[in-house]
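Since the structure comes first, as structure tokens, the remarks are kept for the end.
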Amino acid sequence: MKFIIKLFPEITIKSQSVRLRFIKILTGNIRNVLKPLVEDVAVTRHWDHIEVRAKEESRRDLVRDALTRIPGIHHILEVEDHPYTDMHDIFEQTLAMYREQLEEKTFCVRVKRRGKHTFTSIEVERYVGGGLNQNIPSARVRLNHPEVTVNLEIEDDRLLLVRGRFEGQGGYPIGTQEDVLSLISGGFDSGVSSYMLMRRGCRVHYCFFNLGGSAHEIGVKQVAHYLWNRFGSSHRVRFVAIDFAPVVGEILEKVDDGQMGVVLKRMMVRAASRVAERYGIQALVTGEALGQVSSQTLTNLRLIDGVSDTLVLRPLIAHDKEHIIRLARNIGTEDFAKTMPEFCGVISKSPTVKAVKARIEAEEEHFDFAILDRVVDEAQTMDIRDIARQSEADVVEVETIESLAEGDVVLDIRAPDEQEAKPLQLADSEVICLPFYKLANAFGDLDQVRRYVLYCDRGVMSRLQALYLREQGYDNVRVYRP
């Protein structure tokens, strides 16, 4: 099998040295992606295209699909390579391939040549087109908007019959731009923004702020691995997980309600910037869109960026949610995002849309930055290639109950302001208010003879916290969903 790779047009307008560098990098990327899929693959670069040849015909579809997902490729031509003697031989070979496709259809012939010949491209188009028109009575020539375009490429003494054209990802080859660190949550926005930077030639590493439990972390790892495996597997990247529950707990205890959202984002940027500096990464990537939530106003974004000198890229800044979801659907992350949990108790009730720098800094003076230093120092870094193996491990499950048994103790793990606004009142059961950010440290002090059922408004945080406790060896926990 043989494929002709056509370059993304922006590559072709670069200077000679830059163009050659981009083509060399793209050639290497193609080799890296195809090497695990097919043996004895030959990838040869030329000035205006790249050739891919392989012997295993059974893997043709697999190779074609992989090529369509490599950034830097405008389109792929699947071709049959044959020698020819003259224009009539070209016509006969074309007729043999296209006869069935052209029945009852309008068509035109398009020819591209490389090398020296005794004929022009237009002469071949006219000769072959006229022959097809005469030998296929039901076919008709239409030069504008035909139903079938017969694409031929002539390279010296070889005829390339194009079996099909397949669109690529476009963009720049990964590795032509510098590395970035994507703050990924598993939702619609962060997945799409990560893809957009990969498509622009960046090697994208991932930083995940874990707010509770392995289930969410595994879900986000699967999104990151999917994006890497589908669009960026030509390069090795890192996945960095930071346990941010202690930071959230400190914010909920020490920071005024209206300032929590901005302070939390500032802490995330601080932490991510340190990770980026550790690995020599040039910029952060977020999925923020202007005005989408309270922390994403211009005033608040400026304050968030002010805590670090690291460049923060926001490729979705002017996109609306509907467009972002459509992009997620196109790249295949929509289903992941739909099932990704949102956390109750993390978002403030009355967030400010126009934070004041002096007020934010005053609130942050109450924050113990030793906690932030500790979680960054304890961040877990792994090669993203190891995620697939790790995800195959069994995830501990936890039982969800709708009614309470005699003797059950309900742990209300919502934040204190939620507990005050909407108290959980149960006539026949004991209720203990224990915010989720204190649960991990305080649960061991409870009477372990009793059975504890965890409650929160949406049931997401309670399930994640119950999973965490089960992983720590506590079997006396359930999730309460009345």
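Glycine residues also receive a Cβ, built from the backbone N, Cα and C atoms like all the rest.
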Have a look through Gly175, Gly287, Gly306 and flag the one Swiss-Prot assigns to the ATP site that Leu183, Ile184, Lys265, Gln296 belong to.
-> Gly287
Pairwise Cα distance for Lys265 (ATP binding site)/Cys456 (active site, cysteine persulfide intermediate) [Å, integer] = 23
In angstrom units, rounded to an integer, how far apart are the Cα atoms of Gly287 (ATP binding site) and Cys456 (active site, cysteine persulfide intermediate)?
-> 27
Looking at ATP and its recorded binding residues Leu183, Ile184, Lys265, Gly287, Gln296, figure out the farthest C-alpha pair and report it in angstrom, whole number.
-> 16
For Gln296 (ATP binding site), which DSSP three-state class applies?
-> helix
According to DSSP, does Ile184 (ATP binding site) fall in a helix, a strand, or coil?
-> coil
